[in-house]
Amino acid sequence: MNPIIFFMIMLTIILGTTIVMTSSHWLTVWMGFEMNMLAIIPMLMKNHHPRSTEAATKYFLTQATASMLLLLAITINLMSSGQWTVTNMINPTSSIILTIALAMKLGLAPFHFWVPEVTQGTPLSSGLILLTWQKLAPLSILLTMSPIINLDLLLMMGLLSVMIGGWGGLNQTQLRKIMAYSSIAHMGWMVTILIYNPTLTMLNLTIYIMMTLTMFMLLITTSTTTTLSLSHAWNKMPLITTMMLTTLLSMGGLPPLTGFMPKWMILQELTKNNSIILPTFMAITALLNLYFYMRLTYSTSLTMFPTTNATKIKWPFMTTKQMTYLSPLMVISTMTLPLTPMMMILH
């Protein structure tokens with residue numbers, strides 16, 4: 001892709017999200033979403049492959065439907081209140097429609113079907129943007145509306161997302177699809193605690209973005225997209241592969257890694273609010289995520305896939321220069337659990 005075009009596309013993506021996050025007028029929020037959506041489609045199609053075109057088409061159709069629902073919710077609320085202010089969503093019908101529209105943009109279950117397909121059909125760099133930056137704008141609107149949003153609908157979608165994110169990743173061999181189902185599960189954890197403690201949602205989002213960023217950077221460094229190529233990467237880059245597997249376990253929420261912190265704090269916060277059944281179900285379904293991460297780690301580190309080629313160990317210092325940016329990311333993604341007592345004061 002031409003560097004100038006790439007710069008303009010990235011600038012538009014950043015500008016669209018910034019407009020959504022800083023605007024208090026519904027029309028400019030909708031315009032920000034549209035700018036963001038139209039700018040990322042060329043990023044999804046930069047491989048010039050039918051699979052990328054299919055993924056971009058699916059993304060466009062889903063996001064266009066969500067934008068249509070967003071406009072419908074804004075119109076119904078405007079007829080009821082006569083105001084364009086984001087925080088003034090007084091009509092319960094428009095609040096429910098808006099929640100569904102934002103759930104489609106986030107990829108929450110039961111509107112999650114596009115996330116694995118689109119992520120699988122795009123390059124790793126575009127998948128990284130899709131699973132991290134693209135979550136900021138819809139979540140910022142949900143955070144703004146958290147006092148007036150429909151609690152039962154959000155909790156239902158959150159629990160369903162955690163369950164689907166665990167079940168969907170069980171039989172996957174494509175790492176991008178595994179990351180997509182992991183994203184669905186993490187979004188479920190975030191929206192479940194959104195009503196009770198919005199600050200905890202922001203903390204969870206930050207940790208999720210750091211872990212996903214680390215994982216995708218490692219995948220890009222090793223050019224790994226399947227479990228088979230991950231097992232072969234062990235012979236080529238043992239250190240980077242070890243970092244990758246540690247990050248996977250952290251994303252699964254295995255103590256004493258960073259990913260355990262948000263799950264611990266969310267379960268504690270839900271229990272404080274006299275919710276017992278919901279955190280119990282979420283803790284049980286979180287084991288599904290941990291299972292397929294541990295299965296991936298086990299199959300990569302303790303078993304050897306059959307191969308027809310004579311795989312040789314590569315020179316270990318080939319990727320030293322590329323690993324400078326990975327050091328701080330790895331520390332944040334795997335070693336910040338001791339900071340949990342300090343994070344407990346967030347309300």
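Note that Cβ sites are derived from N, Cα and C of the backbone, with glycine treated the same way.
Nonlocal intrachain contacts for the transmembrane segment (1-21), taken as residues 6+ away from its ends with a CB within less than 8 angstroms of a stretch CB, comprise 28-29, 31-40, 42-43, 46, 129, 133-134, 136-137, 140-141. According to Swiss-Prot, the transmembrane segment annotation covers 1-21 (among others), on the basis of sequence analysis.
Look at Swiss-Prot and you will find 25-45 (among others) tagged as transmembrane segment.
Look at Swiss-Prot and you will find 59-79 (among others) tagged as transmembrane segment, backed by sequence analysis.
According to Swiss-Prot, the transmembrane segment annotation covers 96-116 (among others), on the basis of sequence analysis.
For 148-168 (among others), the entry in Swiss-Prot reads transmembrane segment. Same-chain neighbours of the transmembrane segment (148-168): 87, 89-90, 92, 95-96, 99-100, 103, 108-110, 112, 116, 142, 181-192, 194-195, 278, 281-282, 285-289, 291-292, counting only residues six or more beyond its ends whose CB sits under 8 Å from a CB of the stretch.
The list of residues near the transmembrane segment (178-198) in space but at least 6 beyond its ends in sequence, with Cβ under 8 angstroms from a Cβ of it, reads 103, 106-109, 112, 115-116, 118-120, 127, 131, 135, 139, 142-143, 146, 149, 151, 154-155, 157-166, 168-169, 172, 204-205, 208, 212, 215-216, 251, 262-263, 266, 269-270, 273, 278, 282, 285-286, 289, 292, 296, 346-347. The transmembrane segment annotation in Swiss-Prot covers 178-198 (among others) and rests on sequence analysis.
As annotated by Swiss-Prot, transmembrane segment applies to 200-220 (among others), with the evidence given as sequence analysis.
Sequence annotations record features per position, and here Swiss-Prot assigns transmembrane segment to 237-257 (among others) based on sequence analysis. Within the same chain, residues 182, 211-212, 214-215, 218-219, 221-222, 224, 230, 263, 286, 289-290, 293-294, 296-297, 300-301, 313-314, 316, 318-319, 323, 326, 330, 333-335, 337 sit at least 6 positions outside the transmembrane segment (237-257) and bring their C-beta atoms closer than 8 Å to a C-beta of that stretch.
Residues annotated as transmembrane segment in Swiss-Prot, with sequence analysis given as evidence: 274-294 (among others).
As annotated by Swiss-Prot, transmembrane segment applies to 326-346 (among others). Sequence-distant contacts of the transmembrane segment (326-346) (same chain, at least 6 residues past either end, Cβ-Cβ under 8 Å): 197, 199-200, 203, 207, 210-211, 213-215, 217-218, 221, 240, 243, 246-247, 250, 255-261, 264-265.
Using a Cβ-Cβ cut-off under 8 Å and counting only residues 6 or more beyond its ends in the same chain, the transmembrane segment (59-79) has close neighbours at 26-27, 30, 33-34, 37, 40-41, 44, 88-91, 93-95, 97-98, 100-102, 104-105, 111, 114, 118, 130. Panel annotation: around the transmembrane segment (25-45), residues 1, 5, 9, 12-13, 15-19, 52-53, 55-56, 59-60, 63-64, 67, 70-71, 74, 77-78, 84-86, 105, 118, 121-122, 125-126, 129-130, 134, 137, 141 of the same chain, lying at least six beyond its termini, place a Cβ under 8 Å from a Cβ of the stretch.
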